[in-house]
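Colleague: Sending over a structure as structure tokens; questions will come in a sec.
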């Protein structure tokens, strides 16, 4: 095939240009992401049950829905949380690869079976089913720069004017508003109600009767009488729109004709629909909307669309209102992709310099360099065909592929020049002869490297998604590289290279290149003598090899494990939890102190702080608080001390001084869709029905043991501690004797102490809600219970304390379930210097000490880590097996592949040493780097074994053939290995966004390639001679036995 294109170079150029054109067009359509869709798809079901406790929500809503979710296809796990504000979320997580649209339809179908079984109030509130990931993509905030708007005004504007356009934006899955829109708030005065002998239920009924929209029909509507000339719509009573209209609602007409209106018993006015959340931006009143990404959506495109939507709305915003972005996870996407592209450019430059050093000819160096854009652009075309995106994983694959793809072209060019120098042939004739020599080696290398990476594409789960990105990228690049090496490179050699005089190996050149050539020639002679010595004394070196293999196995058992390396995402979280039963005012004091520290003491790194009270990732309530901390761009905070991890450590040390609150500062995980924090994530589960109290005791024991374990830090419950609750007990017999109905009692309690949604009203053209509730000063203490009255069947007003009492007890404001059983979520991090795998092992030891009946399950990132850890050995074994079979097919021998395969531990030991010395972990990126090392180690061995086998077949002895092959292939092996190592160096020394992943993959590959090159060039001939001799002796014995039998 190569001869055809050597004679038709333009044909070869046309093929290359078509490949480049296809790839270039593909780049324009490929989406850009930090990572592919690693997180499994999840469907969230959200329900509200106003006034209900967490326990009530769990018993009457959560369990009813969970029981109907059985039988859903591809279900991985199901989790739920119920809060004391009546809210509830069930998250149904599916196996990786499940179509999220199909998953949502299945969940909705199952939900239809559960809906009739839910309380009427829940059905009335509605049930939301969304395709959204767990974490927030970004927060859009609004502040009043001139102080003319309150937080209620800002919240109302977001809900009324921003929420709907954003929810319609492509890629938005769900949202949460930190605040609420206006509602018509009716604050009841119990004393005035009693004086007029009215109850909250009377008020609710009057509002429902008089705040209505009536469909009144038409005048002259069809069918009409003959001759009718008029047709007009009748406008009947409409919904009320102003506070004054509500104030005039008639409640009662006394016998003397006097009237009691709503304003006589209540304060009426616009107020917030919900008062549980208070947001601030850098200390100023604010509101915000947190946006979650739809499952499978592109984060970068969605964020751009959101910003464009906001930009379209800004001209219509009130004067003094300013939009801010206090939390955004997408800058790291652009920055990390930019860093990898920069690394790609640096790698290409370094590879070019290495090639020029060895080839010492600009034309010869240019030929492999031309292969780089052809292969890289062609690889983008393949990525588009497979539906992939441009992300850090595919770009890492490109960086690794640069060293691999120039290898093939270098081998071709170097061999053509060697043939010209040794035999004095013209470039065209040398190219023809050279391709006849190395064509088999090129195909063999491509097969082996493809065999290393191809099995990765068939693994499942989130780890399989990561493996697949590398696999398809590198295998595509390798395939295109061989095509270019067989088609374009020989054609270029034939047309671009200048003839070389016979016997000219460059040692007579002057200057630096001449010195380098003489030094390398001298090194080659020394190398030949070294190989001859090793082949003469094989036993000691085989023993050394056994020691290396033993050391490799020992290091594999000692190196810490992880799923993915932690990354500086440019954002930080701080979570506040004040003592159970704390008021919002008390929590706000702690949040203010936290914000002041961050803005004053960490101003060099912190850009803004958006705080929220009433909410955090652990739950909702007045004792909860949260801070979204946006850091300055990476280039404005250089140095390790300004990284998000060091900032979190300093902040945590300061927050430990807070005596009246628990405050945790933590960075988000490397894959945001898999959780909200770095470290480990698990659920303690009540597997035997031991009850809430035993489970709570088990959790507390776990936290105590974890605090004493040196392998763990920042271990905390991702929930809320039991808090004081006032249990109202109704004496049914007394109530019946007094003529009071239980329905009236329940209605009064719900309205007065809770918040009752009555119906809707129209505010500036938008439908909003009407809420009925007792005045704040009539529901602050248990004694206020006596202020409220219920009317009995005789029309008399009976105080609550006549039939009701109360007592204090403890209860949970948040209840969790995992896979259908009560559970409590726990988060934590490994101690400095340890990996998440070490921390998870420590956790598993602690769980063994918990009470019987309490189990555990990993979730989120930890679930994926356990899954990836179990897959890694199978991945290595399968890759090695496929490599062996490819080599056996290539050499038509079962023995020769062993001499190639035995070199693998020499590369692996270097990767393990480099990774351990740098304090890194055995994570997914390390595993990919290790497979790359395995492939390149085998490639170097193939270059020697291929030539040794040919020389042996030409009649030379095994030892002589091995030494001659080593001499001939030393220069290309060193050149290609050095080119690859230097091409990966930018990954290992990178800084800024995405540097954690780059270090993880670059460090192992460099270490592995150094040892694979330095050691393998001596051990490969030893393996070839030892294996060939062994199998030859065995074959001779078998032949002799056969002949003897005859």
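A Cβ is built for glycine as well, from the same backbone N, Cα and C atoms used for every other residue.
The topological domain 'Cytoplasmic' annotation in Swiss-Prot covers 1-9, 360-365, 414-441, 497-538, 892-897, 946-972, 1028-1046 and rests on experimental evidence. Positions annotated as topological domain 'Periplasmic' by Swiss-Prot: 386-391, 461-473, 558-871, 918-923, 992-1004 (among others). Per Swiss-Prot, transmembrane segment is recorded for 10-28, 340-359, 366-385, 392-413, 442-460, 474-496, 539-557, 872-891, 898-917, 924-945, 973-991, 1005-1027.
Please situate the listed features within the shown structure.
Modeller: Taken through DSSP, the topological domain 'Cytoplasmic' (360-365) splits into 4 helix, 0 strand, 2 coil.
The predicted model assigns the topological domain 'Periplasmic' (386-391) a mean pLDDT of 80.
Away from its own ends, the topological domain 'Periplasmic' (461-473) comes close to residues 35-40, 95-96, 379, 382-383, 386, 388, 391, 393-394, 396-398, 400-401, 453-455, 563, 671, 674, 864, 867-868, 871, 875, 924, 928 of its chain (Cβ-Cβ under 8 Å, at least six residues beyond either end).
Counting same-chain residues at least six beyond the ends of the topological domain 'Cytoplasmic' (892-897), those with a Cβ under 8 angstroms from any Cβ of the stretch are 883-884, 945, 949, 1024, 1027-1028, 1030-1031.
Proximity of distant same-chain residues to the topological domain 'Periplasmic' (918-923), defined by a Cβ-Cβ separation under 8 Å and at least 6 residues beyond the stretch ends, is recorded for 556, 559-565, 833, 835-837, 872, 999-1000, 1003-1004.
Note on the topological domain 'Periplasmic' (992-1004): residues 34, 331-332, 335-336, 338-340, 343, 392, 396, 400, 564-570, 634-635, 670, 911-912, 914-915, 918, 920-921, 923, 925-926, 928-930, 933, 984-986 of its chain, located 6 or more positions outside it, place their CB under 8 angstroms from a CB of the stretch.
Here the transmembrane segment (340-359) has long-range neighbours at 365, 368-369, 372, 392, 395-396, 398-399, 402-403, 406, 410, 413-414, 417, 516, 971, 974-975, 978-980, 982-987, 990, 994, 998, meaning same-chain residues at least 6 beyond its ends whose C-beta is under 8 angstroms from one of its own.
Sequence-distant contacts of the transmembrane segment (392-413), counting only residues of its own chain at least 6 positions beyond either end whose CB sits under 8 Å from a CB of the stretch, comprise 34-36, 336-337, 340-341, 343-344, 347-348, 351, 355, 359, 364, 367-369, 371-372, 375-376, 379, 383, 434-435, 438, 441-442, 445-446, 449, 466, 469-470, 473-474, 477-478, 480-482, 484-485, 489-490, 493, 497, 925, 928, 932, 935-936, 939, 943, 972, 975-976, 979-981, 983-984, 986-987, 994, 997-998, 1001, 1005.
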Colleague: Tally the residues of the topological domain 'Periplasmic' (918-923) by DSSP class, grouping H, G and I as helix, E and B as strand, and everything else as coil.
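Modeller: So the topological domain 'Periplasmic' (918-923) is made up of 0 helix, 1 strand, 5 coil.
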Colleague: Report yes or no: does the transmembrane segment (366-385) come within contact of the transmembrane segment (898-917), defined as 3 or more CB pairs under 8 Å with a sequence separation of 6 or more?
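Modeller: No, the transmembrane segment (366-385) and the transmembrane segment (898-917) are not in contact.
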Colleague: Taking the transmembrane segment (442-460) as the first stretch and the transmembrane segment (973-991) as the second, find out whether 3 or more Cβ pairs fall under 8 Å, excluding pairs closer than 6 in sequence.
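Modeller: Counting Cβ pairs under 8 Å, fewer than 3, so no.
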Colleague: Applying the under-8 angstroms CB criterion, which one of 10-28, 872-891, 924-945, 1005-1027 scores highest with the transmembrane segment (898-917)?
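Modeller: The stretch with the most close Cβ contacts to the transmembrane segment (898-917) is 1005-1027.
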Colleague: Under 8 angstroms, Cβ to Cβ: which one of 10-28, 872-891, 924-945, 973-991 has the largest number of such pairs with the transmembrane segment (474-496)?
Modeller: 10-28
Colleague: With CB pairs under 8 Å as the measure, which of the listed stretches 10-28, 872-891, 973-991, 1005-1027 comes out on top against the transmembrane segment (924-945)?
Modeller: 1005-1027
Colleague: So what's near the topological domain 'Periplasmic' (386-391) in sequence-distant terms, Cβ-Cβ under 8 Å and 6+ beyond its ends?
Modeller: 27, 30-36, 298, 337, 380, 469, 472-473
